[in-house]
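Scroll down for the structure; my scribbles are underneath it.
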Amino acid sequence: MKFVLLFGVLVVTLFSYSSAEMLDDFDQADEDELLSLIEKEEARAKECTPRFYDCSHDRHSCCRSELFKDVCTCFYPEGGDNEVCTCQQPKHLKYMEKAAGKAKKFGGKIKKWFG
């Protein structure tokens, strides 16, 4: 009975050690992947397309506004056959940015009043 108990403890210890090693390997791989994604995002951020400019060459290249990324919106102008794509900010995001700006100002006033 003691042998079975000792063997069980040994198996559980080895299993937990091996799973901890595997988790460390996964964490390191995730960390490396995250760093490479950040580097790619920084490189891509330097080449963004400003608002109301043509984004048909790369529809994911629109710049970020204060809080949200602009969206490449495509449409056909009236009486035209060619599709036109420009970076634009959706209205609901525009209103959310305005509300966030007003909330920041109001928060600053409250902080000023109650110091």
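Including glycine, each Cβ sits where the backbone N, Cα and C put it.
Noted from Swiss-Prot: CYS72 is disulfide-bonded to CYS55, selected from CYS55, CYS63. For CYS62, the cysteine that Swiss-Prot lists as its disulphide partner among CYS85, CYS87 is CYS87. Between CYS63 and the candidates CYS48, CYS85, Swiss-Prot records the disulphide bond with CYS48. Each residue contributes its Cα atom, and for CYS87 (disulfide bond) and CYS72 (disulfide bond) those atoms are 4 Å apart. Non-local neighbourhood of CYS74 (disulfide bond): SER56, ARG59, GLU83, VAL84, CYS85, each in the same chain, at least six residues away, with C-beta under 8 Å from its C-beta. The disulfide-bonded residues shown are CYS55, CYS62, CYS72; of these, the one with its CA atom nearest the CA of CYS48 (disulfide bond) is CYS62. Comparing Cβ neighbour counts within 10 Å across the disulfide-bonded residues CYS48, CYS63, CYS72, CYS85, CYS87, the minimum falls on CYS63.
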